[in-house]
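Notes follow the structure.
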Amino acid sequence: QVWIPDSVEVWRVAEITRGYKEGDAILHLRLEDGSALAYPIEFQLPPLCNPDCLSGADDLVALSYLHEPAVLHSLRRRFLEANAIYTYCGIILVAINPYKPLPIYEEEVIYAYSGHEMGDMDPHIFALAEEAYKQMVRFGKNQSLIISGESGAGKTMSAKYAMRYFTTVGGCLGDSSMEEKVLASSPIMEAFGNAKTTRNDNSSRFGKYIEIGFSQAHVTGATIKTYLLEKSRVTFQAKAERNYHIFYQLCASATLPELQGLGLCGAESFHYTCQGQCATAQSTNDAADLESTRHAFSLLGVPEADQLELFRVLAAILHLGNVVVRGRDRRGDGCFVEVGLFCTLLGVEASQVMRWLCHRKLVTAGETYLKPLSRQQALDARDALAKHMYGQVFRWMVSRVNRALRSCLRQISAAHRFEMFEFNSFEQFCINYANEKLQQLFNLHVFKLEQEEYVTEEIPWVFVDFFDNQPCIELIEGRLGILDLLNEECKMPQGSDGSWAQKLYQTHLGSSYFQKPKRPTDAFVVCHFAGKAGKAVVVEYQCDGFVEKNRDTVPEELVGLLRASKFALLTELFLEEGDGPISLQSRRSSGPRMVGRPSRRSLPGSQKSKKSISSQFKASLNRLMEMLGSTTPHYIRCIKPNDGKKPFVFDSRRAVEQLRACGVLETIRISASGYPSRLTYQEFLERYRALVSREELRSAHEKQICSLALERLLQDPSKYQCGKSKVFFRAGQVAYLEELRYRRLRAACVLLQRHLQG
């Protein structure tokens with residue numbers, strides 16, 4: 001049987017009906033429906049099917065024929081026939097989202113996996129978590145779980161289950177509530193960092209790196225680091241998408257007595273929450289979720305008074321979106337605003353806010369003067385302020401969570417995502433840049449493990465075909481790369497997205513990883529890494545907004561007004577890095593005053609150089625790579641089986657797209673290029689005892705018995721290698737041994753039947 005391409009199922013099975021000789025142009029096949037097919041052989045023969053006994057194996061590397069159709073078939077069969085959502089692929093755990101709750105995460109399941117070796121039980125995220133925990137305890141080395149996949153593939157839930165495993169098995173040293181605190185961080189992070197997208201009702205709109213600390217094998221705390229919050233979502237949502245959950249939670253709870261003074265009402269009444277025309281999400285109960293968020297804050301030691309001040313700032317952001325901006329004349333010169341509740345809620349002077357929303361201060365060599373803004377420029381300033389405020393809220397929230405979870409660290413968990421939408425902008429580009437770096441780390445690790453296995457077993461090292469995505473990374477981060485040219489454009493007073501796009505075309509059109517779209521538009525295409533196992537992931541990025549988002553500018557005068565607010569939390573939100581922390585309690589009792597060091601931003605005439613967003617992201621990404629490089633990584637690849645979020649429905653086309661892009665097929669290709677099938681000598685004898693002769697069994701050692709048997713059965717010594725404890729087979733040899741075993745056992749059965757029946 002062979003696999004042939006199919007437009008619906010990607011690959012389908014066909015049976016060869018006539019003998020094939022090298023040089024034949026046609027392969028005669030019979031399809032599963034019984035119809036005949038003359039299959040033209042253009043470049044290579046179709047891939048062979050694995051024996052039934054290997055199909056559906058819980059570790060894909062155990063397949064004798066390692067290729068894309070075999071991987072896809074095994075995953076589909078396990079998912080649909082056995083409802084098995086987890087499958088190993090060497091060092092990767094493939095996790096397919098079932099889109100329904102499964103009873104496989106209870107505490108008794110955790111303890112069932114605790115203490116067991118990987119492979120003793122069915123594939124599971126708990127098995128991978130146990131392996132990481134065990135290695136940390138035994139060898140005292142930091143471990144990492146790297147969780148990746150498309151939006152909606154289940155990364156957030158996978159991270160939650162891993163955290164639950166560590167806190168349950170590790171217990172908590174000296175603080176019985178630490179386990180509760182670590183788990184309580186999830187609803188807070190989701191409320192402020194997750195949103196409904198067209199693909200996922202609970203999509204994380206930021207990169208996340210969680211460290212769980214251990215001492216004497218017990219959990220002592222955790223730290224969360226975040227990367228690149230999608231701030232543009234605060235002021236704009238595409239159709240059928242929502243802003244961050246916390247805004248809808250507050251709107252749904254507007255009738256609560258403690259929220260009465262915030263001027264809240266239904267989400268459809270605010271510009272910042274109604275643009276997606278999706279004020280509610282099917283799978284969420286916003287009012288109940290606010291209760292969970294507040295309970296989690298309380299568990300982490302955030303007083304209710306601080307929570308209410310935080311909600312005041314969030315309500316002010318919603319009211320800022322409703323600020324009315326009107327032009328003064330038909331030419332568009334000048335404008336005026338009505339600030340409404342925004343200033344009242346934040347305790348800032350309305351006239352000053354109106355002034356700095358409608359004017360920009362320009363400093364020349366000899367004088368300073370105010371330039372009136374057009375209505376559109378004022379709206380842009382308003383939105384820039386809203387995004388900056390929410391970014392500061394998010395940063396403060398993460399710091400408060402970390403303050404409650406602080407510890408010395410041993411265990412590490414990381415999550416990242418790969419994104420490709422119809423409209424891809426700055427955020428998706430940075431996310432996919434991070435994915436390139438993580439993919440390179442993954443390739444090097446797979447290469448290293450494969451090499452170590454050969455060296456340990458004293459097998460000649462034959463692996464030479466190693467694909468590296470460094471050229472694509474150089475295109476992005478190298479000298480005169482995409483980010484370098486973007487930063488240069490941001491320094492130009494008249495820098496624009498269009499000008500940057502032209503510089504990209506002039507510099508990079510000769511690169512095989514870079515393309516210019518055919519239609520006339522300011523956009524560019526990057527051929528992201530997919531390795532030799534599959535086609536490159538071609539992503540088109542629209543240049544619109546790159547320069548503005550990379551600059552991340554916000555009127556300094558408006559920030560200064562907020563920093564001078566009488567509300568303590570607002571002052572703390574806008575402390576610059578390096579400012580000392582302040583006591584909210586002391587601020588409440590003593591009234592307004594200067595806190596911390598004087599800000600250089602507020603001093604007239606002073607200029608503080610600010611790094612661009614891409615420069616900050618690149619630096620933090622390099623630090624992340626260094627941290628992950630010092631750990632032993634464990635990989636979880638989450639797969640989204642269908643776009644309709646239907647339980648246990650498997651769309652082969654969608655699945656194979658993800659397998660090609662996330663390294664699973666590259667792992668298979670790396671394994672297949674050497675000796676992918678491996679059995680210990682004991683396993684070989686248990687399975688293939690029927691093929692071993694009496695003379696061979698007289699040998700004293702298992703290795704010698706296997707060596708003699710294989711010399712006779714396979715004949716070609718290049719098809720296998722005998723290591724210290726295992727025998728290594730080239731691709732297809734285990735399938736051949738299975739065929740020999742089947743024939744031997746069938747002959748024995750016929751012999752018995754012949755004698756019994758006379």
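Any Cβ shown, glycine's included, is placed from N, Cα and C.
Owing to the predicted nature of the structure, the values given are computational and were not obtained by experimental measurement.
Per TrEMBL, the feature domain 'Myosin motor' maps to 55-742. Under the heading ATP binding site, TrEMBL lists G149, E150, S151, G152, A153, G154, K155, T156. Summarising the annotation, TrEMBL assigns region 'Disordered' to 583-613. Feature annotation from TrEMBL assigns region 'Actin-binding' to 621-643.
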Residues from the same chain, set at least six apart from the ends of the region 'Actin-binding' (621-643), whose C-beta lies under 8 A from its own = 75, 79, 89, 91-97, 99, 125, 128, 131-132, 135, 141-150, 152-155, 158, 162, 199, 209, 225, 227, 412, 414, 433-434, 437-438, 441-442, 445, 649-651, 654-655, 658-659, 662-664
For the domain 'Myosin motor' (55-742), the averaged pLDDT of the predicted model is 85
Including all protein chains displayed, how many Cβ atoms other than that of G149 (ATP binding site) lie within 10 Å of its Cβ?
-> 25
Looking only at G152, G154, which of these binding-site residues has the biggest number of Cβ atoms within 10 Å around its Cβ?
-> G154
Please list, for the region 'Actin-binding' (621-643), how many residues fall into helix, strand and coil according to DSSP.
-> 9 helix, 8 strand, 6 coil
Mind telling me which of the binding-site residues S151, T156 has the densest Cβ neighbourhood, counting other Cβ atoms within 10 Å?
-> T156
